Amino acid sequence: MDNQEVSMDVETPIAKTNDDRSLPFSIFKKANNPVTLKFENLVYTVKLKDSQGCFGKNDKTEERTILKGLTGIVKPGEILAMLGPSGSGKTSLLTALGGRVGEGKGKLTGNISYNNKPLSKAVKRTTGFVTQDDALYPNLTVTETLVFTALLRLPNSFKKQEKIKQAKAVMTELGLDRCKDTIIGGPFLRGVSGGERKRVSIGQEILINPSLLFLDEPTSGLDSTTAQRIVSILWELARGGRTVVTTIHQPSSRLFYMFDKLLLLSEGNPVYFGLGSNAMDYFASVGYSPLVERINPSDFLLDIANGVGSDESQRPEAMKAALVAFYKTNLLDSVINEVKGQDDLCNKPRESSRVATNTYGDWPTTWWQQFCVLLKRGLKQRRHDSFSGMKVAQIFIVSFLCGLLWWQTKISRLQDQIGLLFFISSFWAFFPLFQQIFTFPQERAMLQKERSSGMYRLSPYFLSRVVGDLPMELILPTCFLVITYWMAGLNHNLANFFVTLLVLLVHVLVSGGLGLALGALVMDQKSATTLGSVIMLTFLLAGGYYVQHVPVFISWIKYVSIGYYTYKLLILGQYTANELYPCGDNGKLRCHVGDFEGIKHIGFNSGLVSALALTAMLVVYRVIAYIALTRIGKTKSG
């Protein structure tokens, strides 16, 4: 799929609007609002904890400086490539320049300006940021991915059909037409190739015709031909008056000379900033030349940044210190003068731009539009997972097995009946818990990416996710109960069946809410699974079936247990306290259900309290999940 040439000249005609602003959209047209990016004396420090001992005692906090006084400028039409060994601070600098340093992640000092102004929400929403790991939904096709992004990111000055046409135009110009109906795919799901995935990620960002474009190692893991195509796209975008900043790991010679400016980093220190074509001459002037004439410049520069030179007698640390000193002596003053001397009077927004910053307001689209698009996207993404054959088979097998094991159980076998009720509450405690506990950890990267770009509010995302999961949460337990209830011969009164069904559905929603809350709080699948298992098992043990006489000092657990309230309501939905059942050795006696040993301690009072408790849990768990999600995508600026 990745062998087609990238089309550079295809334009998709789009109907003109009433104000005669046509949209023959091309991703390579001039940027609407050129931006000059400056950064001065950037220092970024983080605190790292060093735990000692088996239980992490004697924690020592170490402050590490990631970026050490970086200064530079990138003008419209230029590509700045940041080169350096792993751990040199490239991604940290890119994240800082893109305004995506998360709160609590570290301390950033210095000054970053965009046309001599600090980063605003409006500028941030017209800035593209492509992460190294392509955060894409695996079950969506290429077309669906770009169309949904267009519907969310383009402002309401575009009509819906215009947004769709713009998405398709981007797809055409990036050479993605041949795979437009192919799903993105993932680790265990075959989809588009690596190069096509990267172009889709770039396409998502250039839909808004950004003036600033940040990319984190866009050629990582790609073959040389595909990498050439990606950088060619960046080169064309820059020639349209955009400011492009990218980290690069080890580019080929062809790619190296396509970058206008180069920033070489060594352990967070700048050792070169200037024209990429002048880098080799500069290092030769300070006494560092390659041993062979024909060498990939990036290979030589990475050796330099690692402290590996032609002089084997010079230790790496001494060489790195010398390079930093040479930079401060020979280059720093000229870089500072360039930053100070640049004015941005020419960088005024075009009044005719429909993607100008003032068209966005606080958000590009309304709350309701965001909710509808996110709901539709979520349903399409999960259309194969929600009712997968494995899940449906699991539910039907368990329901029929329960129906057979408890086949037409009469009230004379009261112990068996309440055992079935407890099993129902137990099974439908764990099933929705583990369905929902992975929700937010799996979508963290996507949520981080989209929230950081100001694509939508958190509330429509959260509600669309909750509403979108309702079909799976409600239909499967309904099917389960319809089969099990009547096969097991529980109370044949239709009203009792619907009460039992209502209790079960609320129970499922509460258990699912607990899963959402744990996943959002922990944001780690393994840890959340372990924690969820412990909590739910505790709830079930305190539910009143296994242990009927709980010690006073620990009896409070049942009042926070989902299982306790559900089990009680299921019993209330089947029996009354004065209902009679056969008892005694030969079953000739008649006893009240309320006096049965397995039910007596549960009681038939406080049914309303139990219902209100479950309702409160249903709300509280989701509120906790929402609050926990507010930290995702939250940055220090913008």
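Every residue gets a Cβ built from N, Cα and C, even glycine.
Among the features that Swiss-Prot reports, domain 'ABC transporter' is placed at 37-292.
Within 10 Å of the C-beta of N111 (N-linked glycosylation site) there are 12 other C-beta atoms, taking all protein chains into account. What Swiss-Prot records for N111 (among others) is N-linked glycosylation site.
Neighbours of N139 (N-linked glycosylation site), defined as other CB atoms within 10 A of its CB across all chains, total 18. DSSP assigns N139 (N-linked glycosylation site) to coil in the three-state reduction, outside any helix or strand. The N-linked glycosylation site annotation in Swiss-Prot covers N139 (among others).
Taken from Swiss-Prot, the feature domain 'ABC transmembrane type-2' covers 369-575.
For the transmembrane segment (387-407), same-chain residues at least 6 beyond its ends with a Cβ under 8 Å from one of its own Cβ atoms are 416-417, 420, 423-424, 427, 471-472, 475-476, 479-481, 483-484, 486-489. The transmembrane segment annotation in Swiss-Prot covers 387-407 (among others) and is backed by sequence analysis.
Under the heading transmembrane segment, Swiss-Prot lists 418-438 (among others).
Annotation comment: Swiss-Prot describes 470-490 (among others) as transmembrane segment, evidence class sequence analysis.
According to Swiss-Prot, the transmembrane segment annotation covers 497-517 (among others). Residues 424-425, 428-437, 439-440, 466, 469, 473-474, 477-478, 481, 485, 490-491, 532, 535-536, 562, 566, 569-570, 572-574, 611, 614-615, 617-618, 620-622, 624-625, 628 of the same chain lie 6 or more positions beyond the ends of the transmembrane segment (497-517) yet place their CB under 8 Å from a CB of it.
Under the heading transmembrane segment, Swiss-Prot lists 534-554 (among others), citing sequence analysis as support.
What Swiss-Prot records for 608-628 (among others) is transmembrane segment. Distant neighbours of the transmembrane segment (608-628): 440, 458-459, 462, 466, 506-507, 509-510, 513-514, 516-517, 519-521, 559, 562, 565-566, 568-569, 572; these residues of the same chain sit at least 6 beyond its ends, with a Cβ under 8 Å from one of its Cβ atoms.
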N111 (N-linked glycosylation site) sits from N139 (N-linked glycosylation site) (Cα to Cα, rounded, in Å) at a distance of 41
Grab the same-chain neighbours of the transmembrane segment (470-490) for me: Cβ-Cβ under 8 Å, and only residues 6 or more beyond its ends, written as numbers and ranges. 382, 386-387, 391-392, 395-396, 398-400, 402-404, 406-410, 417, 420, 424, 428, 432, 435, 496-497, 500-501, 504-505, 508-509, 512, 574
